[in-house]
Amino acid sequence: MQEQEISFIFKYNEGLCMNIDSDSILMSILDMSLHQQMGSDRDLQSSTSSVSLPSVKKAPKQRRISIGSLFRRKKDSKRKSRELNGGVDGIASIESIHSEMCADKNSIFSTNTSSDNGLTSISKQIGDFIECPLCLLRHSKDRFPDIMTCHHRSCVDCLRQYLRIEISESRVNISCPECTERFNPHDIRLILSDDVLMEKYEEFMLRRWLVADPDCRWCPAPDCGYAVIAFGCASCPKLTCGREGCGTEFCYHCKQIWHPNQTCDAARQERAQSLRLRTIRSSSISYSQESGAAADDIKPCPRCAAYIIKMNDGSCNHMTCAVCGCEFCWLCMKEISDLHYLSPSGCTFWGKKPWSRKKKILWQLGTLVGAPVGIALIAGIAIPAMIIGIPVYVGRKIHNRYEGKDVSKHKRNLAIAGGVTLSVIVSPVVAAVTVGIGVPIMLAYVYGVVPISLCRSGGCGVSAGNGKGVRIEFDDENDINVGGTNAAIDTTSVAEARHNPSIGEGSVGGLTGSLSASGSHMDRIGTIRDNLSETASTMALAGASITGSLSGSAMVNCFNRLEVQADVQKERCSLSGESGTVSLGTVSDNASTKAMAGSILNSYIPLDREGNSMEVQVDIESKPFKFRHNSGSSSVDDSGATRGHTGGASSGLPEGKSSATKWSKEATGGKKSKSGKLRKKGNMKINETREDMDAQLLEQQSTNSSEFEAPSLSDSMPSVADSHSSHFSEFSCSDLESMRTSCSHGSSDCHARFTAVNTLPEVENDRLENSPHQCSSALLSKAASCSDVPQPSHAADEHGTSRSGGKPMVDLCFGDALRETNNNHSHQTADLKVAVQTEI
């Protein structure tokens with residue numbers, strides 16, 4: 001019976017636990033207490049008390065018959081009543097336990113329902129929060145403003161920060177962060193709640209709209225955002241700002257300050273020059289590679305002129321202006337289309353600089369030559385590909401269409417076969433039409449559009465050569481130093497040189513002499529140098545006349561163009577200068593010294609020509625305005641003849657020093673030189689008078705060693721024609737009649753009017769180390785040939801009076817020879833005063 005009780009209790013507890021699964025832990029505790037209580041009841045009650053247990057369940061009473069009950073005797077009534085009373089007590093105790101357990105069950109159910117209500121309330125509260133797609137935080141629904149144009153939602157803090165960034169960077173076409181729909185201005189105002197930002201937003205919107213208007217002109221005055229919409233003002237371009245207190249007058253065409261009696265191009269060049277000059281002075285006259293690179297990082301928009309910053313790292317060059325939406329190329333700064341980088345314009349989609357002119361020309365020539373081959377290859381591949389590919393494509397499409405449908409196999413195969421057969425018939429026609437139309441279009445593009453567009457934009461480099469025919473320029477415009485990035489520029493004389501920007505129209509006075517022209521410098525500024533013997537005269541011209549003038553052209557090389565051409569013509573000795581007057585002022589002592597040294601150095605270069613002479617032409621394109629120095633100078637007119645006397649000293653020169661100018665020969669295009677006969681005579685007389693000249697040199701040295709100082713140069717250089725025609729006459733020795741020299745050894749006051757400037761020691765050492773014997777022999781031969789025909793000459797001094805001398809004139813080469821042969825003497829030899837004989 002005890003086993004039955006335990007089994008019943010476990011069954012009861014098991015049923016209770018099945019009803020209360022959520023509180024299994026609590027029910028296990030109740031089971032333990034129930035087992036303890038039932039154990040105590042069994043100890044107190046009889047063994048028959050457990051018979052009444054089925055009555056608790058209200059089940060029908062059942063009798064069990066066993067073998068023991070048949071042989072056992074019946075119980076008396078007293079004992080039976082006592083047993084019944086004990087059974088009633090057991091039933092009452094079990095009912096009390098059941099009631100307690102039911103009460104505990106109800107309490108547990110009540111706690112479960114309360115917890116479920118709490119969870120549902122919490123879940124309802126969690127359901128009211130939305131995650132922001134920008135900051136990934138959960139906010140309440142009231143933190144997500146509604147947008148008129150799209151259904152996307154973001155928190156108000158993220159949207160406000162997003163709008164602030166967009167407006168501060170002038171991006172007024174603000175779209176949704178998650179799609180391309182633009183915000184409504186009303187939504188922007190509600191989200192921002194900032195009057196200052198909204199005012200800036202409206203200003204940017206208005207400016208964006210006005211920029212699109214072709215007749216809108218903005219006032220160029222600083223801190224004036226007034227715009228004038230001028231219709232039909234092209235004929236009367238003077239506009240006036242209508243803002244109160246401004247009244248600035250500006251031009252309709254160039255959109256800059258009004259420039260009366262001046263074209264827009266001239267005014268633009270003048271503004272650019274003044275801007276560069278201010279930049280040079282403000283930056284302590286220093287142009288470095290970093291400053292040039294920084295200037296390349298900031299460029300204005302070609303439509304609205306809004307400045308845009310881009311790192312010059314070779315990234316994408318297809319730019320879009322944030323203010324006006326203009327699409328332009330960062331390299332050429334022009335509005336472009338999608339085909340800009342596919343055409344041979346020189347601009348690349350990635351890169352730091354466009355193609356050079358040489359590369360563009362080579363690409364153009366390669367395209368013109370290789371276009372037929374390429375087009376033939378494309379047509380040869382396209383025709384069989386279309387004939388074979390079209391039927392295959394049609395068959396696959398029909399098969400995929402009928403696949404998966406309830407169509408008979410025979411019907412599907414019939415449709416595929418019919419489609420393929422039809423495509424086989426049609427594909428040759430399609431291929432022929434495509435090739436027949438595409439090939440002429442490609443040929444027309446290659447041979448028509450590309451060359452015309454390149455030549456129209458100046459990219460092909462073909463131009464007229466000033467009556468010399470068509471010329472193809474292969475010099476690279478990109479190699480010209482912009483901003484001082486490639487050239488070695490001395491920073492001590494840039495500002496002074498800016499006052500003399502034009503070589504062709506003005507003078508080169510006031511130059512400081514710290515800049516010189518070498519072969520590498522001439523290559524950098526685009527000088528055309530010949531590989532033959534014309535190089536000597538080109539270098540002589542560069543050394544003598546262009547020395548010191550690169551300080552002006554190096555800073556404005558974007559607008560100035562220097563071309564030196566050397567042409568050889570038969571039986572003509574002339575020097576034509578189309579560049580007007582070239583003069584060197586009194587400030588440039590060093591420049592004059594270097595120029596003269598360059599002329600002396602280049603004079604020893606032999607030329608193997610018989611009866612040929614050089615014509616050097618200098619073409620200089622510069623600005624239309626000019627400055628002239630006050631110092632006296634020698635000049636060359638357009639016809640190549642000199643118009644003034646040389647040797648005029650400046651008023652600010654110190655007295656007491658002597659100098660001599662170089663002798664020269666006048667060369668005109670209308671006279672023919674008798675170089676053959678005279679040269680033979682001169683060569684015959686050289687050998688006869690060599691010993692006499694040695695004696696004269698020794699006598700001249702002893703006479704002048706204690707009287708004169710070192711050979712010197714005048715402060716005002718001779719003209720280009722005077723100096724270089726002397727070189728050509730020295731080379732050929734053709735026209736002896738035109739060489740007229742004089743010698744004046746008078747009083748010392750004659751020499752006191754000139755300033756002595758020592759020549760460069762580098763030139764002397766170079767001559768002595770390399771070829772001392774050849775130089776001395778050449779000088780002696782020149783002296784013999786020149787002094788063999790003594791003629792009275794006239795010298796023009798600084799007062800305009802002429803002086804004559806009976807002694808033969810000793811050239812500057814005699815002074816050089818004296819210096820070379822007498823290096824060990826304590827005093828240097830002096831150079832005689834040499835005047836320039838000119839005809840007016």
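Count begins at 1; order follows the chain as displayed.
Keep in mind that glycine also has a Cβ here, set from the backbone N, Cα and C atoms.
The feature region 'Disordered', as given by Swiss-Prot for the ranges 40-61, 62-83, sits at 40-61.
According to Swiss-Prot, the feature zinc finger maps to residues 301-332, out of the candidate ranges 301-332, 365-396, 429-460. Remote same-chain residues near the transmembrane segment (368-388) are listed as 427-428, 430-432, 434-435, 438-439, 442-443, 446-447, 451 (criterion: CB distance under 8 Å, separation of at least six residues from the stretch ends). The sparsest Cβ neighbourhood within 10 Å, among the listed binding-site residues (Cys135, Cys347), is found at Cys135. Cα to Cα, His340 (Zn(2+) 6 binding site) and Cys158 (Zn(2+) 1 binding site) are separated by 39 Å. Model confidence over the region 'Interaction with CASR' (660-840) stands at 45, taken as the mean pLDDT rounded to a whole number. Ranked by Cα separation from Cys329 (Zn(2+) 6 binding site), the binding-site residues Cys155, Cys158, Cys321 are led by Cys321.
Every protein chain shown contributes to the tally, and the Cβ of Cys155 (Zn(2+) 1 binding site) ends up with 21 other Cβ atoms within 10 Å.
Same-chain residues with CB within 8 A of the center of the Cys132, Cys135, Cys155, Cys158 CB atoms, the Zn(2+) 1 site residues themselves not counted, are Pro133, Leu134, Leu136, Leu137, His139, Ser154, Val156, Asp157, Leu159. Distance between Cα atoms for Cys304 (Zn(2+) 5 binding site) and Cys332 (Zn(2+) 6 binding site): 16 Å, as a whole number.
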